[in-house]
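**Student:** The following feature annotations were taken from Swiss-Prot:
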SIGNAL    1-17  signal peptide
LIPID     C18  S-diacylglycerol cysteine
LIPID     C18  N-palmitoyl cysteine
COILED    21-58  coiled coil
DOMAIN    97-201  domain 'Cytochrome c'
BINDING   C127, C130, H131  heme c binding site
Amino acid sequence: MKGKILFALFLSAGVIACQPASQAAKQQEVKVAKAETKTKKKESKAEKFRKALAAQDKWQKACSNPVQIAPEGVDVAQFIKEMKATIKYPEDGNVVGDWRKGESLALLKKEYKALYGKKGGSKKGNCYACHCGDPRIIACGNIGPSLRGYGNKGIDPKMTYERIYNPWSQVPCSTMFRFGYHGLLTPEEIADIVAYLHDPESPINK
């Protein structure tokens, strides 16, 4: 009997001693699984972006000649008509959303942090890679036209929306990303960026 009690005590001690190691192993497994999931999500987003830009539909093929101004062998009026037909609008029909959300989409995380000292920003728009806009952001691109004071130029917000959704609906073979056409931005996100460009309270127009 005494031997059985001692055996039970030793067994209990062994189980207790093993628990922390077992829990640590499980925690490590959870961490690894989370890290792998995060990596897969990043890869899937990057892959989606690469596929979108490399998609060779008939229009992309027509614009693949780097020295041409208009699509080769295509009626320009028909080209623009078909590009306009691809444009989808927000469910509520409003092409002007929330400029603050638009600003967060337009700025990279590091740009947002530098301006406001808190988390925000996104890789989705990255507008300042090609444009200047907010005068506080000095490191900006010049591939596209300046966006400073954009809301004071009398441009129809719907035209701005369409230009972002599918630039080829206005300028065939434009080098600007077709954000909506390729699904890089949702209609609602594009509406928020339109607000960022047009709203009088936006830093773009200050």
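The backbone N, Cα and C atoms fix where each Cβ goes, and this holds for glycine too.
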**Student:** For the domain 'Cytochrome c' (97-201), jot down how many residues DSSP puts in helix, in strand and in coil.
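**Tutor:** Helix, strand and coil residues of the domain 'Cytochrome c' (97-201) number 46 helix, 0 strand, 59 coil.
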**Student:** Which residues does C130 (heme c binding site) neighbour through Cβ under 8 Å, counting only same-chain ones at least six apart?
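**Tutor:** C130 (heme c binding site) has long-range Cβ partners G141, N142, I143, G144, M176.
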**Student:** Hey, what's the Cβ neighbour count for C127 (heme c binding site) at 10 Å?
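**Tutor:** Other Cβ atoms found within 10 Å: 27.
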**Student:** Between 0 and 100, where does the mean pLDDT of the coiled coil (21-58) sit?
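**Tutor:** So the average pLDDT across the coiled coil (21-58) works out to 65.
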**Student:** Can you list, in sequence order, the residues of the same chain other than C127, C130, H131 whose CB lies within 8 Å of the CB centroid of the heme c site?
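**Tutor:** Here the non-site neighbours turn out to be A106, N126, Y128, A129, C132, G133, C140, G141, I143, G144, L147.
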